[in-house]
Amino acid sequence: MQKADPQNPDVTVITPTSPMTPSTHGGRAKCLQRLVRLDLPVPRTVALSFAAVHDIAAGIMPDVPALLASFDEGALLCVRPSSQDPDWGGPGAILNIGMNDARYVELSDEMGADSAASLYMRFVQSYAIHVARLDPDTFDEIEDTGRDGLSAALQAYEEEAEEPFPQDPVVQLTEVLRSMARAWEGTTARLLRQARGAPADAGLGLVVQEMALGLGQGTGENGSGVLQLVDSETGLQQITGRYLSQSQGREALEQGTASLYLTRDPRGPSLEEIAPEAFAQLVAHAELMRVRLRAEMQIEFTIENGQVHILDGVRVQRSSRAAVRIAVRLADDGIIPRQEAVLRVEPRGLSELLHRQIAPEAVRDVVGYGVAASPGAATGRIVFSAAEAQASAARNEPCILVRRETSPEDIRGMHAAVGVLTERGGMTSHAAVIGRGLGLPCVVGAARMKFDLKRRRITTEDRRTLKEGDIITIDGTNGQVLAGAPEMIEAVLDDSFQTLMAWADEFRDIGIRANADTPADAATARNFAADGIGLCRTEHMFFDADRITPMREMIFADAPEDRQAALAMLLPMQRKDFTELFRIMEGLPVCIRLFDPPLHEFLPTDRAGLRDLAEALDLPVSDVTRRVEALQEYNPMLGMRGVRLGITVPEIYDMQARAIFEATLDASHDGDPVVPEIMLPLVSAKREVELIRTRIEAVAAEVRTRRGQDFTYRLGVMVETPRACLRADEIAPHAHFLSFGTNDLTQMTYGLSRDDAGRFMSEYVQQGLFGEDPFHVLDVEGVGELVATGVERGRSTNNQVTLSICGEHGGNPESIAFCRAVGMDYVSCSPFRVPVARLAAAHLAIRNQTL
Ligand code: PEP
Ligand code: MG
């Protein structure tokens, strides 16, 4: 091994064989070694390990004269950070170490006095600011260039530091190493890298590299730049980067420089034209790096008197869309296996592809924050009611529906709006669940803004007033509310996306279904290749104008005959709903949950609504009002809902079961045979299941006899109360499947209202009381223990039972890992989260195989 410091193995010249790993010397050092192994023209480089840099910060210096002796005499050097993961950052590079008065004189002869002066001046400035930590303004304010600028910088240094600028390269390098090592150990840098995912004790390596100067008067070209073979935004193959003659480091990328294009370009001169040979070499080097380093790389290069030097290689920055294209092309070119291509795309990043986004470079005028409840961004005029949203859509004017919170009555308004903003609510509030189902961007629980619905205005967090009709933008990916209309980029589902998802499906070993309530949801679920519908919430089907009245008549009916009459009007509508869903899903499983919410959710809440209802029912308003009041509950989410309603008003479930069975026969006629799945919500005791099952069997028998046709169906239980988890062993023998409803289960386990949690959730998460919002990421310790208990007890008495999750957690990668680990058969999530879930499930399976 070639040591730069004979006494210290932690200070090593980078050769093809020097021992070096990202976890001892950092990613940059390791990458440079790979480039050296490829025989690329990398200037001589010495790597200092994490241990060496840690020692330096503690005051134990390596043998710096020996280190300097590893380079040609009089060479100028640069020092750059080398953290384990390049994304964790590190102190900025310092260039031109070794420059002093004597070298200045020599270099003036070689490259001209102006170039030499500007090189020396740059070193003095960066040393003063980053190493000696003098006031940056003093040095930034120097306007002179060339020799005058240099004298001014040297003089300013002497005045501020109260000593002359150090001339000895040993002193210069010692101080640079010391300041970079200490900067890494500082609190600010630690917090910054922790925010980027680094562990608190992450190490820093440093690389000391001989400089190729990029400045000079020789006959050949001099300058520096960066080059990559793909576009970072689109991922398409396109040579991109910049080049600047007479420059160093990444100066070509600075704003306002006269940098050149790389390839021929009608807008101006290019490197390809002024130095064709160097350009061709660079492209060849980049292509070699792509194949041998198995990644798209950006190379940092210098051209010195026509000669190309490769100073560094880093993985190209990439948008999610580019990440997909790059991974698929690397696999298609045989450079990486498909499994690896799948692993190279972050599942969460996919939601960026599935929705419109605010353009990364757009200016964001943020006026408030809420919970990022449904991803994507949308711009529209503020409207404060569902009716106005519909009116706005009729005028073709995009609108954002702003509500204190949404209720089922707002669904049509939500369909009409391009986005939803609410004051209250959390990840599983009504607006959030429906928003995700519709793929509608949604920010909820923006409680720090003031919503004055009466005066139709919002006071923003920075005390601005937004009125009805004003244009705002919501970003459901990060919870921001913005004034105005920033530039957007469109969603893309191109061939690369489809290819990557097909590969993911080959590897994953857990099913992914969609929660879908409407034909449009079902079509989205098919479009995203869901394995079926895991939850169809039927109550959402009753809010259309032609259904709400018979629904209300049914609720108000005193006599069973009146109730039957109202239900008889609803039956054909439900049958049509289900037939349509079955046809769209073409034989894939469809799990239909029987009616769940408390009945009063279907009743009017304001005077106008009460009057309309009184008219429809031909009753006095006072009568209607009294009856509506009588249906109110203190705690409706724990009251007469779910299976409890099925037991006390059994005609509703009878009607739904009949509609499902008739639709089964209708849809099976012209396609694949349908085996519907019927699910009972809010079960807490096995007796509930037994009673409902008997009634449903009777309905099935009756439909079979009347139609003279046979069919099968599966009956299952939604496990969403703690008691159902604990008694799953009693329940499972009566069910073909158990589906964990982790929204209600989380609510009941924590005793935490789904609809009110948004008010304090961010506070709780910020203060570390909860690691994450448990409505968003499954609480594996508490709620998870109940789920695991339910799984184990359910399987213990029925080993054929199908197990799944259909709460919102089904689309969250960490929660999917939990579901897979406890042995569930599938997860079900909002249709727009299906691709994220498919990819996350594939990651888990691939990682599991390679362990
Ligand atoms: C649940 O509770 O987890 C669930 C899926 O049902 P809902 O959100 O409709 O209550
Ligand atoms: Mg529920």
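Each position is counted from 1, following the chain as shown.
Every residue, even glycine, has its Cβ placed from backbone N, Cα and C.
It should be emphasised that the depicted structure is a prediction, and the values quoted were computed from it without experimental measurement.
Annotated substrate binding in TrEMBL involves R593, E720, G741, T742, N743, D744 plus, out of the candidates R526, R537, R658, R820, the residue R537.
Residues R537, R593, E720, G741, T742, N743, D744 make up the record's substrate site, and a Cβ search at 8 Å around their centroid adds L535, D596, P681, M718, L745, C806, G807 from the same chain. In the three-state DSSP classification, T742 (substrate binding site) falls within a helix.
Under 6 Å, Cβ to nearest atom of ligand 2: this is the test, and of the recorded positions H430, R537, R593, E720, T742 it is passed by E720. Residue pair H430 (active site, tele-phosphohistidine intermediate) / N743 (substrate binding site) shows a Cα separation of 11 Å. Each residue in the domain 'PEP-utilising enzyme C-terminal' (496-844) has a pLDDT score, and their mean in this model is 93. Checking the recorded positions H430, R593, E720, N743 against ligand 1, the ones whose Cβ sits under 6 Å from it are E720, N743. When the Cα atoms are compared, E720 (substrate binding site) and C806 (active site, proton donor) turn out to be 10 Å apart.
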